[in-house]
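Visitor: Below: one structure in structure tokens.
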């Protein structure tokens, strides 16, 4: 790498000739690069955020439907409702790893729009469910259709943005998942006013309205999402040139666009992937337990009415949305992931201890706010962390797929441990997972620090390099994000 005096700074008036040297010798003017990133944000992030909002809304609306009469109309026992919640993840997790490996082959705009149309139709037809087994079937189908959506969005973000830019962009998605909880509660509250004489139960209209909105939104992806962000139609020639420079500067991180079984196998030999999966499982169990069952916790455990439970869940989700944005923004600015995950989890620990230690409704309601603080940022930052530290593309795609598959197994468990009120088993399990997740994040942080030190010692000639081959994130000049 050249020194700062030797680097060529590319400003608006400068054109790039590859024959002049390597892209590593080129630094884009900061103001111009910031303008490019803002343009990418304005085009891509509203699309991704709205669509992830809708996917989370369609997935989690069973919690709101239960509060407004689904369980009574279908005559569901507590174990049947829990099973219906959990079974979604049985098919959801099977779709994740194949999706991140196939999305490049079929093109993101076709692949993602097909997913959206699929889950929209399943959501709409859920309004006709009249017994337990038909509800289970729709949940299984919904899992198949939604399974690869979030991992593919995460992968697309890693293709478009630099490592230090990714946390904030994933935060946008999680902000929307927070507000889907709040929005779902408000919709459910409004639908309690629709008379049953309209031909459908109140919860049936919930599925129809949300499914139709999702179906229409599929057109946005189909016609507006570029398969390759560096050649997007919304970029002018100068911006495409800058995207090419950014891509070349990240070549070790991105790697070859062709599928490589070697990188697939290397992912499974990497300790980072396994630690990331443990963290994801633990944080996802808390996320799915609270995001799905919060209205039921407020109604059945804290004793509030159905209407009050829906209203009172809104500010809890809103706090989670604010938290994920602020924490991920700070994480990007400091380029630190691990300490934020570890530190935020202490709020969750305090919240679950309160829920387990007292039956006072006011104290328990305050505890839900403490739990909301780390609920979304810890999940978002762990995904960003593994995205940042796995390279090239197909090693990262494999690790991300496994991360999401293992993480979403927690959805199956959450539905079983949050089976019936009082939810002491669920809260205890979530407390234990928070402890394990915190300890694993601490171990991963120090492991990465140690690996960075080893690489630097090899570069300094202080240690013999025992690896015969180094590529991607194993390269000596690839510095792990802590």
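Just so it is clear, glycine is given a Cβ too, placed from its N, Cα and C backbone atoms.
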Visitor: Among 240-260, 366-386, find the range that Swiss-Prot records as transmembrane segment.
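Guide: Result: 366-386 is the stretch Swiss-Prot calls transmembrane segment.
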Visitor: Look up transmembrane segment in Swiss-Prot and report which of 140-160, 455-475 it refers to.
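Guide: In Swiss-Prot, the transmembrane segment feature sits at 140-160.
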Visitor: Mind checking which residues of the chain, 6+ beyond the ends of the transmembrane segment (140-160), have their Cβ under 8 Å from one of its Cβ atoms?
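Guide: Non-local partners: 40, 44, 48, 51-52, 55, 58-59, 87-100, 102-103, 108, 111-112, 115-116, 118-119, 122-123, 126, 166, 169-170, 173, 229, 254, 383, 387, 393, 396-397, 400-401, 404.
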Visitor: Do any residues of this chain, six or more beyond the ends of the transmembrane segment (399-418), have a C-beta under 8 angstroms from a C-beta of it, and if so which?
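Guide: Answer is 82-90, 92-94, 96-101, 150-151, 154-155, 267-268, 270, 272-273, 276-278, 280-285, 287-289, 292-293, 296, 379, 382-383, 386-387, 390, 425-426, 429-430, 433.
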Visitor: Should the transmembrane segment (428-448) and the transmembrane segment (40-57) be scored as in contact, given a threshold of at least 3 Cβ pairs under 8 Å and pairs 6 or more apart?
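Guide: Contact between the transmembrane segment (40-57) and the transmembrane segment (428-448): absent, because fewer than 3 Cβ pairs are under 8 Å.
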